[in-house]
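Sequence annotations record features per position, and here Swiss-Prot assigns substrate binding site to ASP113, GLU138, LYS168, ASP172 based on sequence analysis. Swiss-Prot lists 139-141, ASN173, 202-207, GLU225, ASN260, 281-283, ASN327 with the feature NAD(+) binding site, giving sequence analysis as the kind of evidence.
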Amino acid sequence: MEGFRKIEWAERYMKVLGKIREQFRKERPLEGFTVGMALHVEAKTAVLVRTLVDAGAEVAITGCNPMSTQDDVADALRESGIACYAKRGMDVEEYYEALRNVIRAEPDIVIDDGADLIFLLHGEMESYAEKVKGASEETTTGVIRLRAMEREGVLKFPVIAVNDAYTKYLFDNRYGTGQSAIDGVIRATNLLMAGKIVVVAGYGWCGRGIAMRARGMGASVVVTEVDEIRALEAVMDGFRVMRMEDAAKIGDIFITATGNRDIIREEHIRLMKDGAILANAGHFNVEIDIPALERMAKAKREARKYVTEYDLGDKRVYLLAEGRLVNLVAADGHPVEVMDMSFANQALAAKYIAENWQKLERKVYRLPEELDRMVARMKLESMGVEIDQLTEEQVRYLSDWRCGT
């Protein structure tokens, strides 16, 4: 079965998670715990699910995006006895009903991506929140929502911001998104990147990864930003930086990666050249103003799989993957080796919650640094890389304020 083959391929290259899985089989740290998950249901995620099951957990899972599930992987999970409610192409009601089904499993620990599951536990399904010992959140967008909830004092349980771990955002967000977003654009369009003007909206870790990889493929990259420091970084990194109003006039391919809404609006679309391509690498489909495109269009059609052509009368523009995550809808998401670290963090976060939930407050926490650094060490070991250690004299030097000129 294709789904099982995909999972086995991912397992082969997820060596850090594999080591943790071996440890979990012996220790069974999640024995007696139910884990409710909303993640992109594809092969790498399935390896995490298997790891949690080997740790003793009961698992219920659904997708965190209506379009990102790979049905053959979801089928493989169900065939393995996992309560999996995900399917590709859900409408909004089906999507939320699947989330409700996960919550009805009465999870002790929640693993979320985008915070939709956690949000439901603070709304219509809040009666189930009492049983939740803690949660972890995978992505920047979700952490932004959760920190807002913490500020307002409404969080009902502690949350570990796995996204904020160094071994997550420095690698997953930058190298993972950088490669997979470009992969999604290329798979959807079959067009050449070299010589194109690629406009990257946002210069956070995701945006800088996309900009880096687009330049590496020969594109001329323009960055748009609202943050002065990030804009200055982009300039110093050698990219052109300008307002979206100006970039709209020259761009061939636009990729949004901001975690905010209305980045590409009607006034920008009107300025674009014929054949402009719009793609989104942010979690939700709100970065490109799709309702504006629908209003402006005289006609629309499917030009290719994952490519919608909008005829605006004087020109055509192309929207990829319905404005959803282009890397997961039109491609396979992040590279396996990158998700090895991200999901190692998730597995360790679940264990940490199981062992420490009684000590944690209703706050958003970073993953403990010792776990973060352990993942880095394990990754280096899996790659055959050795590094130096500080000598005793060096340790003393770094801690002694008396040492000077």
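Cβ atoms are placed via backbone N, Cα and C, with glycine included.
Here the features listed in Swiss-Prot are painted onto the structure.
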{"residue": "ASP113", "record": "substrate binding site", "DSSP (3 states)": "coil"}
{"residue": "GLU138", "record": "substrate binding site", "DSSP (3 states)": "coil"}
{"residue": "ASP172", "record": "substrate binding site", "DSSP (3 states)": "helix"}
{"residue": "GLY202", "record": "NAD(+) binding site", "DSSP (3 states)": "coil"}
{"residue": "GLU225", "record": "NAD(+) binding site", "DSSP (3 states)": "coil"}
{"residue": "ALA281", "record": "NAD(+) binding site", "DSSP (3 states)": "coil"}
Exercise for the section: Compare the Cα of LYS168 (substrate binding site) against each of the binding-site residues THR139, THR141, GLY204, GLU225, HIS283 and report the nearest. Expected result: THR139
Problem - Near-site residues: substrate, ref ASP113, GLU138, LYS168, ASP172, CB cutoff 8 A to centroid - result: GLU137, THR139, VAL162, ASN163, ASN173, SER342, ASN345, GLN346
Problem - For CYS206 (NAD(+) binding site): intrachain residues, at least 6 apart, with Cβ closer than 8 Å - result: THR140, ASN173, ARG174, THR177, GLY178, ALA181, ALA257, ALA281, GLY282
Practice task
Select the closest residue to GLU138 (substrate binding site) from the following binding-site residues, measuring between CA atoms: GLY202, GLY204, GLU225, HIS283.
Solution key: HIS283
Exercise for the section: Only counting partners 6 or more residues apart, tell me which same-chain residues put their Cβ under 8 Å from the Cβ of GLU225 (NAD(+) binding site). Expected result: GLY202, TYR203, ALA231, ALA234, VAL241
Fill in the blank from the handout: Counting every protein chain shown, other Cβ atoms within 10 Å of the Cβ of LYS168 (substrate binding site) number 28
Fill in the blank from the handout: By a 10 Å Cβ neighbour count, the lowest-scoring of the binding-site residues ASP113, THR141, HIS283 is THR141
Practice task
Around the Cβ of ASP172 (substrate binding site), how many other Cβ atoms lie within 10 Å? Please give the count over every shown protein chain.
Solution key: 28
Exercise for the section: Please list residues from the chain of THR139 (NAD(+) binding site) whose Cβ is under 8 angstroms from its Cβ, counting only those at least six apart in sequence. Expected result: ASP113, GLY114, ASN163, HIS283
Completion exercise
Close in space but at least six residues away in sequence, with Cβ under 8 Å from that of GLY204 (NAD(+) binding site), the same-chain residues are THR140, ASN173, ARG230, ALA257, THR258, GLY259
Completion exercise
Within 10 angstroms of the C-beta of GLY202 (NAD(+) binding site), the count of other C-beta atoms across all shown chains comes to 27
Completion exercise
CA pair THR141 (NAD(+) binding site) / ASP172 (substrate binding site), Å rounded to integer, equals 14
